[in-house]
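So that you can see what the record holds, here are the features copied from Swiss-Prot:
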MOD_RES   Lys103  N6-acetyllysine
MOD_RES   Lys181  N6-acetyllysine
MOD_RES   Lys196  N6-acetyllysine
MOD_RES   Lys280  N6-succinyllysine
MOD_RES   Lys280  N6-(pyridoxal phosphate)lysine
MOD_RES   Lys356  N6-acetyllysine
MOD_RES   Lys464  N6-acetyllysine
MOD_RES   Lys469  N6-acetyllysine
MOD_RES   Ser470  phosphoserine
MOD_RES   Lys474  N6-acetyllysine
TRANSIT   1-29  transit peptide
Amino acid sequence: MLSFSFIWATRPLRRCGQLVGMAVRCQHSEAAQTQTGEASKGWSGQESLSDSDPEMWELLRREKDRQCRGLELIASENFCSRAALEALGSCLNNKYSEGYPGKRYYGGAEVVDEIELLCQRRALEAFDLDPAQWGVNVQPYSGSPANLAAYTALLQPHDRIMGLDLPDGGHLTHGYMSDVKRISATSIFFESMPYKLNPQTGLIDYDQLALTARLFKPRLIIAGTSAYARLIDYARMREVCDEVKAHLLADMAHISGLVAAKVIPSPFKHADIVTTTTHKTLRGARSGLIFYRKGVQAVDPKTGREIPYTFEDRINFAVFPSLQGGPHNHAIAAVAVALKQACTPMFREYSLQILKNAQAMANALLERGYSLVSGGTDNHLVLVDLRPKGLDGARAERVLELVSITANKNTCPGDRSAITPGGLRLGAPALTSRGFLEDDFRKVVGFIDEGVNIGLEVKSKTTKLQDFKSFLLKDPETSHQLADLRQRVEQFARAFPMPGFDDH
C-alpha cells in the first residue's frame with residue numbers, strides 16, 4: 001500500500017433539503033405537495049437510477065466490479081475522484097450557456113460564469129502560468145476537439161502540419177493518413193507530413209524532423225505523443241519551428257498531470273499553444289483544455305511598437321461558435337475540482353510514484369526478456385515490442401483481457417497492420433491511483449508474463465486471429481489455465497482501494 005494517503009471524499013451525498021442555509025426546493029415543500037396531489041405519482045425526477053432503470057444500474061455495477069477486480073493498465077485511463085464525479089453528475093448538466101463568461105447567449109448564467117472563470121484560474125495556477133502571458137479555453141469537449149479547434153484557429157484549409165507518425169507513437173489528430181487514405185479529419189482539412197522515430201534508438205529523430213521541415217515548410221509542428229515512453233525535447237522543436245517560421249503546438253494530453261506536478265519538463269517555455277485532455281495523468285473528468293500565449297509577442301525594431309499575440313480571440317472563436325455549441329458545464333466544474341487536486345503536495349507525490357512504478361514495470365519486463373521500444377521509459381508508460389517473442393499485441397491483449405488485465409495493442413515502429421500490431425502499451429497511472437507501489441507492479445509483470453506464455457502456446461496451435469480467440473474459449477486445458485490466472489489476478493487486485501463511488 002502507498003505510504004501517502006489518497007484523500008477521496010467518503011461522505012455520502014446529502015439530499016438538497018439537508019443542506020443548511022439553502023432554501024428547500026419548491027417540490028419538497030408542503031404547499032407544492034398539496035398542489036400537485038395525485039400528480040406526485042408521476043415523473044418527479046427524484047427516482048434513483050437503481051429504481052428508475054434497473055437494467056442500466058446493473059450494467060454500471062458490473063463495470064464497477066470489472067474495474068475493482070481487474071488490473072487497469074491502459075495508459076490513457078485513470079480513476080477519477082469522487083469529488084470530481086459528484087460535480088460531473090450535478091445539476092450543471094441542465095444549464096445551457098453558449099458563449100463565454102459575461103458574453104452568453106442565454107440568461108441565468110451567473111453561476112456557470114463563476115464556475116468557468118474558476119476553472120480557468122485553476123488551470124493557469126496548476127501549470128504556474130502568468131495570466132498576463134497565458135490564457136486558457138476550458139470549453140473543448142475532449143482532446144481531439146481541442147486539437148481541431150487549435151488548428152482551425154492557427155491555420156487556413158490545406159495549410160501544412162507535421163506530427164509524429166501514428167505507428168511511431170503519435171496520435172490520429174496529428175495529421176494521420178495511411179498510404180491510401182486520409183484517416184483523420186486533420187489530414188483531410190490540412191496537408192500533413194509525419195516525422196518519425198530513429199529505428200535504431202526508438203527516439204524521435206530530431207535531425208530528420210528538421211530536414212523534413214525545411215523541405216515541407218509547415219505552418220504548424222505538433223509536439224505530442226500517445227505511445228512514446230520518452231521525454232520530448234521541446235527546445236529542439238522550438239529551434240526547428242523558428243527556422244521554418246512555424247507555430248509550435250504541444251499536445252500534452254498523456255503527460256499533463258506529470259507536467260503540473262513538475263516531475264517532467266514543461267512545454268510552456270517553448271510552445272505557442274498547449275492542448276491537453278484532463279482525464280489521463282491529470283486524473284479528472286473527460287474534457288479538454290487549450291492554453292495560448294498572450295501579451296507582447298515582439299517589438300517592431302523600426303517603430304518600437306509592441307506586437308501582441310493574437311491567439312486568444314482566434315482560439316475562442318474556433319471553439320465557439322466555429323466548432324462547438326454550448327459548453328459542458330458539469331465537465332468544466334469536474335475539471336476545476338481535479339485541477340485543485342493537482343495543485344497539492346499529495347498530487348506531486350502521486351505523480352512521482354507513477355514514474356517509479358513505470359520504471360519498475362519496464363525493468364521487470366526487461367529482466368524477463370521483453371523488448372521495449374526505446375529500451376525503457378521516462379514517463380508513465382512502456383511500449384512492449386512483442387515481435388521478438390513471436391506474438392502480436394492483438395493476441396496478447398485478448399489473453400490478458402480474459403484474465404482481468406486490461407491493456408491495449410499498439411503499433412510499433414515498422415508495423416504495417418493496425419489489426420495485429422506488434423506492440424502492447426502499458427501505463428502506470430490508474431493502478432498508482434489505487435495505491436500500487438514498485439513491488440506491486442513487479443507482480444503485475446509476472447501476471448502479464450504468464451498471460452503472454454499462454455498466448456504463445458495457443459498461437460502455436462492456431463493460424464488466424466479469430467481461430468486464436470475461439471481456441472482460448474473452447475480448449476478445456478487453456479480455459480483452465482486462464483481461469484486459474486484470472487482468479488489470482490482478481491484476488492490480488494481486490495485488495496487495493498478504488499477511488500470514486502463505492503457501488504458504481
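Glycine is no exception: its Cβ is also placed from the backbone N, Cα and C atoms.
In the three-state DSSP classification, Lys103 (N6-acetyllysine) falls within a strand. Looking only at other Cβ atoms within 10 Å, the busiest spot among the modified residues Lys181, Lys196 turns out to be Lys196. Within the same chain, no residue at least six positions away from Lys103 (N6-acetyllysine) has a Cβ under 8 Å of its Cβ. In this structure, the C-alpha atom of Lys464 (N6-acetyllysine) lies 10 angstrom from that of Ser470 (phosphoserine). Put simply, Lys181 (N6-acetyllysine) is 29 Å from Lys469 (N6-acetyllysine) when counted between their Cα atoms. If you measure from the Cα atom of the residue listed as 'N6-succinyllysine' to that of Lys356 (N6-acetyllysine), you get 17 Å. In this structure the C-alpha atoms belonging to the residue listed as 'phosphoserine' and Lys181 (N6-acetyllysine) are separated by 32 Å. Lys356 (N6-acetyllysine) and Lys196 (N6-acetyllysine) have their C-alpha atoms 28 Å apart, to the nearest angstrom. Between the CA atoms of Lys181 (N6-acetyllysine) and Lys196 (N6-acetyllysine) there is a gap of 19 Å, rounded to the nearest whole number. Ser470 (phosphoserine) falls within a helix when secondary structure is assigned with DSSP.
Taking the Cβ of Lys474 (N6-acetyllysine) as reference, no residue of its chain lies under 8 Å away while being at least six apart in sequence.
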